[in-house]
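Some features that TrEMBL has for this protein:
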TRANSMEM  12-29  transmembrane segment
TRANSMEM  35-56  transmembrane segment
TRANSMEM  87-111  transmembrane segment
TRANSMEM  117-136  transmembrane segment
TRANSMEM  143-165  transmembrane segment
TRANSMEM  185-211  transmembrane segment
TRANSMEM  223-246  transmembrane segment
TRANSMEM  266-290  transmembrane segment
TRANSMEM  302-321  transmembrane segment
TRANSMEM  327-349  transmembrane segment
Amino acid sequence: MSQGKNFASWRIGFAYAGIIVGAGFSTGQEVLQFFASHGLISILGIIVAALILMFAGRQAAKLGFRLNAESHETPLRVLFGPKVGLVVDYALIFFLYGIAVVMIAGSGATFNQSFGIHPQVGVLIIILLAGVTLLLDFEKIISIIGGITPLLIIAVIIITGYNILNPSVPYSEVDNFVDPTRTPSAYWWFDAITYAGLALATAFSFLSIMGSEASRHAIARRGAIYGGLIIMLLMLLVNVGVLSIMPEANAVPLPAMAMADQIAPWIGTVYSVIIILLIYNSVVGLMYPFLTRFTEPFSGRYKIMLALSLVAAFLISNVGFVELVNFVYPILGYIGLAIAAALTIRWIANKNTKKKLM
């Protein structure tokens, strides 16, 4: 494989990881709820979730490439049929916008907690940055989203590495400190699958478009696998890091910040900036598929809808971060699981027919 093709695959991989690794992941809160609160078995849960994301991401990118998808509309209709596909299409796009609003609402809280900036000012900063970025061409958007992910990898390696080597409790005793009431369900494997569904639903639209933009089939396919590997590495590091400070993690809203503060306060400040960049990453990655579902990219209608969507997001974000999460996340997770199941069925069907689509 040539160096140029390999670079193109890694660029897609970093962008894929950058969309999934949003504010909840980078703060350690999602990892605590879905994985670490199950104890040491959570390591196996992360491997299960990452394998699902690698396979489903690969299939989604391949489908986007084969269909030359400009939005997720065509892939969903191929997977589910015209009528059901239309229902899934509108449900997904509605909740993608909901996740973007959740991220925007979370940015206000992060700015306030980390820098003492009024929450609404923080929200306006993210909205303005996202608005300017969404006026750029798609290749630049991918480069920006993918370019921020390596910063997170470096920060996570430093922060989690220190805490993994200096745990506040022995790993053999971690299971004595977990709080099972934090987990969505009592079963580690079910929470792993649910998280994979949520992550896939979040990234499916962007994956389909990225796949169509790839110059070759193998680049799209390999890029999604690389992204899954990056996600697994980051999840494992954050999970073991959270396990290493489990008593403290249960007592704070931002476990990753607690890990950073264990090293030095200024590292906590730097990590706050990275979290804000990841929120920005997620908002851009979620808003672009939402906008292109209803408008031609970068057309006059696209720009009008962008402005209206960001104004609406600012108003809705005042509802509250927790309330939005509780409403949006569970439903989006089920949509993602339905997409993963459809991709798997399509893959199996293609193994038994001469007419290959994926």
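Using N, Cα and C of the backbone, Cβ positions are placed for all residues, glycine too.
The highest tally of CB pairs under 8 A with the transmembrane segment (327-349), across 35-56, 87-111, 117-136, 185-211, 266-290, is held by 185-211. If one looks beyond the transmembrane segment (302-321) by at least 6 residues along the same chain, the residues whose Cβ comes under 8 Å of a Cβ in the stretch are 97, 100-102, 104-106, 108-109, 120, 123-124, 127, 130-131, 134-135, 287, 290-292, 294-296. Counting only same-chain residues 6+ beyond the ends of the transmembrane segment (35-56), those with a CB under 8 A from a CB of the stretch are 20, 171, 174-175, 178-180, 182-183, 188-189, 191-193, 195-196, 199-200, 224-225, 227-229, 231-232, 235-236, 239-240, 242-243, 246, 249, 339-340, 343-344. The stretch in closest packing with the transmembrane segment (117-136), judged by the count of Cβ pairs under 8 Å and taken from 12-29, 223-246, 266-290, is 266-290. Under 8 Å from some Cβ of the transmembrane segment (12-29) lie the Cβ atoms of residues 53, 57, 61, 103, 106-107, 110, 142, 145-150, 152, 199, 202-203, 206-207, 210, 214, 219-220, 222-231, 234-235, 238, 241-242, 249, 253-259, 274-275, 278-279, 281-282, 285-286, all in the same chain and six or more residues away from its ends.
Sequence-remote contacts of a segment are chain residues at least 6 beyond its ends whose Cβ falls under 8 Å from one of its Cβ atoms, and for the transmembrane segment (266-290) they are 15, 18-19, 21-23, 25-27, 71-72, 93, 96-97, 99-100, 103-104, 106-107, 110-111, 113-115, 126, 129-130, 133-134, 138, 141, 144-145, 148-149, 151-152, 155, 158-159, 202-203, 205-206, 208-209, 256-257, 260, 306, 309-310.
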